[in-house]
Amino acid sequence: MRILITNDDGINAPGLAALEQVALELAGPGGEVWTVAPAFEQSGVGHCISYTHPMLIARMGERRFAAEGSPADCVLAGLHDVMKDAPPDLVLSGVNRGNNSAENALYSGTLGGAMEAALQGLRAIALSQFFGPRNYGRTDPFEIAQSHGVQVIRRILDTWPQERPDYRLFYNVNFPPVPAAEVKGLRAVRQGFREGTRFSAEPHLSPSGKRFLWIKGGDQQQRTAPGTDAAANLDGYVSVTPMRADLTADDALEALQATL
């Protein structure tokens with residue numbers, strides 16, 4: 001198997017190194033693992049692409065490249081430059097430092113990379129590590145990905161539905177905020193929403209008197225509805241959510257069509 005890897009935390013991120021080891025086991029002796037990751041931190045950039053300016057790309061190793069762009073840019077660089085002669089069988093994005101459950105998925109550069117791969121017609125999986133009081137500050141923050149990642153990805157691949165040209169499917173995987181030994185299993189769930197908590201802009205003054213803003217996230221430990229990703233994670237389960245690049249609200253569309 002030929003695998004392309006990217007992330008949004010950057011080429012030197014520990015989560016990327018963990019995913020590279022997972023990918024090497026998945027690829028097998030005859031396979032190849034290629035990495036094209038951002039040269040700098042790209043967290044929160046979503047699915048943005050840098051179509052207004054050129055993107056520098058540098059070789060960091062035999063099959064490792066750093067691109068000065070977003071995760072989606074890196075996927076494009078991998079498909080149309082680095083691996084143009086033989087495209088990958090699978091694209092993996094992560095392992096993100098922090099959860100991409102619930103509404104976080106809408107901001108995530110990690111998911112942006114996977115979504116771009118799906119739009120390009122490839123199988124893609126985004127992987128993220130949820131942190132909380134039970135696993136924060138551990139010696140190996142990505143131990144769950146290393147111990148469970150191969151099994152999780154293989155199970156997803158084994159159940160991947162037959163692809164349709166109009167159905168750009170990818171998967172969002174979140175590892176729970178517990179030690180690896182306490183993971184209870186996998187749950188297939190919907191994307192959730194953390195009610196009453198959201199991003200905000202917090203004003204501050206610099207020592208020189210200039211006004212600036214910090215963007216602050218909401219309460220990441222807040223439980224979402226039963227049967228959704230963050231709820232499963234807080235209960236100790238790896239969440240797996242199938243997604244596709246179609247943001248249509250079908251229920252609202254039906255109501256709108258009935259009145260227009």
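Cβ coordinates come from backbone N, Cα and C, glycine included.
Annotation source Swiss-Prot lists divalent metal cation binding site at D8, D9, S43, N96, citing sequence analysis. Reduced to three states, the DSSP call for N96 (divalent metal cation binding site) is strand. Less than 8 angstroms from the CB of N96 (divalent metal cation binding site) sit N7, D8, D9, G15, S43, S108, T110, A126, L127, S128, Q129, each of them six or more residues away in the same chain.
Within 8 Å of the Cβ centroid of the divalent metal cation site, not counting the listed residues D8, D9, S43, N96, the chain contributes N7, G10, A13, G15, E41, Q42, G44, P71, G94, R97, G98, S108, G109, T110. D9 (divalent metal cation binding site) is surrounded by 23 other CB atoms, counting those within 10 A of its CB over all protein chains shown.
Considering only the binding-site residues D8, S43, the Cβ with the fewest other Cβ atoms within 10 Å is that of S43.
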